[in-house]
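Peer 1: Copied straight from TrEMBL:
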- 1-66: region 'Disordered' (REGION)
- 1-25: compositional bias 'Acidic residues' (COMPBIAS)
- 19-240: domain 'Micro-fibrillar-associated protein 1 C-terminal' (DOMAIN)
- 37-66: compositional bias 'Basic and acidic residues' (COMPBIAS)
- 82-108: region 'Disordered' (REGION)
- 97-108: compositional bias 'Acidic residues' (COMPBIAS)
- 124-143: region 'Disordered' (REGION)
- 243-273: region 'Disordered' (REGION)
Amino acid sequence: AGVGEDDEDSEEESEYETDSEDEDEGRQMLKPVFVSKSERETIKERERIEAESVAQQERERARLEERKAETRDIVIETIRKEAEAEAGGGQAKEEQEVVTDDDDDEEAEFEAWKVRELARIKRERDAKEAADKAAEERERLKNMTEEERAAWELANPKGQSVKEKQKWNFMQKYWHKGAYFQEATDGKDQTGKDEIFRRDFSAPTGEDRMDKSILPKVMQVKNFGRAGRSKYTHLVDQDTTDWEAPYMQAQKQSGQRRPAAPEDFSKPKKLKT
């Protein structure tokens, strides 16, 4: 009987050990990670953050209460002014201060309007007459012969003289004055360029005022010392032909002398008699 009991106990112990081993194998173990002292969130730091949050909430609550009190005072003051105005039988102070003298001198305003209207009509009439005259002149020039046209141009030279082209400095940068918004126009007949657009845009500015021709050859490029610097000073004395380009290869092959084609001639057979 004792041997049977020992066997049963050993079987129970083996089953328990097997179950515990299965549980250990299915459990996921976390890898320990070291956290430096500067990155650890201590209790004092957490308490300090909570205290700051509470203080911020208190300040926000106090600010809202202050704004409510200000709004309440403004409403009370407005109601008091309206009550005083009604009790006095007049208008409010703000309404009394409004100036409504737009129609005090209607006759003078009408006379000024008539002057402006007459000036506008005169401008439009002059503009129409000038346009009709220019159209007649163009039609007359169109019907002229070459001799008559040459004589007319000699007798009526152009009003604008040809400006002499200024000489630019070495490596001077080009600035375009722009093609838009150059007309200061209030009406169709009041065209004219702004004074600022009549300036000389070819004048050197900034670094272009210095003489770059005295610099060393290596520095005579745009944006020297920068990543976007230009490779050449100018392309006058540079050969930029890309000999590896496909079209250059085709041109090279077409220029070569081709060998003679082999003769493909078969002697005809003699006719049978």
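Here the Cβ of each residue, glycine as well, is placed from N, Cα and C on the backbone.
Mind mapping these onto the model and telling me what they sit next to?
Peer 2: With DSSP states grouped into helix (H, G, I), strand (E, B) and coil, the region 'Disordered' (124-143) comes out at 19 helix, 0 strand, 1 coil.
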Peer 1: Within the compositional bias 'Basic and acidic residues' (37-66), how many residues are helix, strand or coil going by DSSP?
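Peer 2: Counting residues by DSSP class gives 27 helix, 0 strand, 3 coil.
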Peer 1: Looking only at the domain 'Micro-fibrillar-associated protein 1 C-terminal' (19-240), report the model's average pLDDT.
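Peer 2: Residues in the domain 'Micro-fibrillar-associated protein 1 C-terminal' (19-240) carry a mean pLDDT of 79 in this prediction.
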